[in-house]
Amino acid sequence: MMPRRGAAGPRRRRRPAPLNEDNGRFLLLAALIAAYLSAGATVFSALESPSEAAAQVRWNRTLHNFSRIFNISLPELRAFLRSYEAAMAAGIRVDALRPRWDFPGAFYFVGTVVSTIGFGMTTPATVAGKVFLIVYGLFGCAGTILFFNLFLERIISLLAFIMKACHERQLRRSGLLPPNFRRGSAMSGVGSLIGWKPSVYHVLLILGIFAIMLSCCASAMYTLVEGWNYVDSLYYCFVTFSTIGFGDLVSSQNAVYQNQGLYRFGNFIFILMGVCCIYSLFNVISIVIKQLLNWVLKKFRCRCCPKCHKSSTRLGRRNAITPGARLRRHKISLEADGQYDSDTDGRRLSGEMISMRELTASNKVSLAILQKQLYETANGYPRNVCINTRQNGFSAGVGALAIMNNRLAETSDSR
């Protein structure tokens, strides 16, 4: 009898499929967040647990002394305290406070709702109010998050515009641009800011400095008006601007303030700017964390997989000259998905030389460059655009050849 196929040899075990990069990033981030939460819980438990135990002992002592002195039983006294807690939840305090549901108080409340702060000092008590809050908060929170995202985009566009304007001004001073050069022309990239996106670390630094300055100014105002100490004011600013909103400290709650209208307006401006700034800062920090996770996954994959070493050696042989090696460490584009605006930008940061695709794409702007050079020649402008290229050993050209020569000049400079 013929032996059955596969009966003689052992069965081969299927190798597990490689982990997807997105799934690996998600699992790594989940593990880091779990470790971060565990570390935070350990620290806060060590710091606050003794204070909580001491406060509980003092409260029990005070409660028994009050019951003994005024001859009130502990059950009756606890029932009275439960009624007081219910009044506190409804917004009633012993000291005189501002009205909760007049128009300024209601406007303050809806501001804390749509910004997701939620102090908890004011809450709707009626069924109609709670139902309306569900619908109102659904659209209000979504619109406010969109506003925060657009605020970050405007910050990035403003920085890109400033960088481009400074670069054009430097070129005009050095004589590389004609005096009648206008912004937004064909030679200036059709007024586009795509190639001028700032580094993620520059945006992080600017937003961090602005957030610190804003918190310090707001804390000084709260210290003077509310009577808090400066550390409590800083703590309130972070809790409010980050939309955590514990509710232990809440501004603009007293019935009367000195210069009340001015203080409420300043409080509104500080909270609005602070929430926008901290939200944008969180977005930028999340991009940095994502880049860090990608770096960790890349290192882990390269150490575990021998094929990565072979591919990296082949890539190094292919690109013997890598002019973008230094830029790769410092100039990281501000993109949440890690994508570049074009294949040209990605190739430039990866260190590869100019390709035929890039050379072909450069013909789209070669006509404008040719017109510019002919215009300078006809009007007698000095051809000092080629000074740097001549110093590097590359002669200038016209059109796409000029772009390629400028790229080779940049390559020689980076070497």
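Including glycine, each Cβ sits where the backbone N, Cα and C put it.
Residues or ranges marked as domain 'Potassium channel' by TrEMBL: 98-155 (among others).
Under 8 Å from some Cβ of the transmembrane segment (106-124) lie the Cβ atoms of residues 89, 91, 100, 130, 132-133, 136-137, 140-141, 143-144, 240, 243-247, 250, 252-253, 268, 271, 275, all in the same chain and six or more residues away from its ends. The transmembrane segment annotation in TrEMBL covers 106-124 (among others).
Among the features that TrEMBL reports, transmembrane segment is placed at 131-152 (among others).
Cβ atoms under 8 Å from those of the transmembrane segment (200-222) belong to residues 155-156, 159, 228, 230, 233-234, 236-238, 241, 251, 263, 266-267, 270, 273-274, 277-278, 280-281, 284-285, 287-288, 291, 332-334 of the same chain, restricted to positions at least 6 beyond its ends. For 200-222 (among others), the entry in TrEMBL reads transmembrane segment.
The domain 'Potassium channel' annotation in TrEMBL covers 210-290 (among others). Within the model, the domain 'Potassium channel' (210-290) carries an average pLDDT of 92.
Panel annotation: around the transmembrane segment (268-289), residues 29, 111, 115, 117, 147-149, 151-152, 155, 200-201, 203-204, 207-208, 210-211, 214-215, 217-218, 221, 237-238, 240-243, 334-336 of the same chain, lying at least six beyond its termini, place a Cβ under 8 Å from a Cβ of the stretch. According to TrEMBL, the transmembrane segment annotation covers 268-289 (among others).
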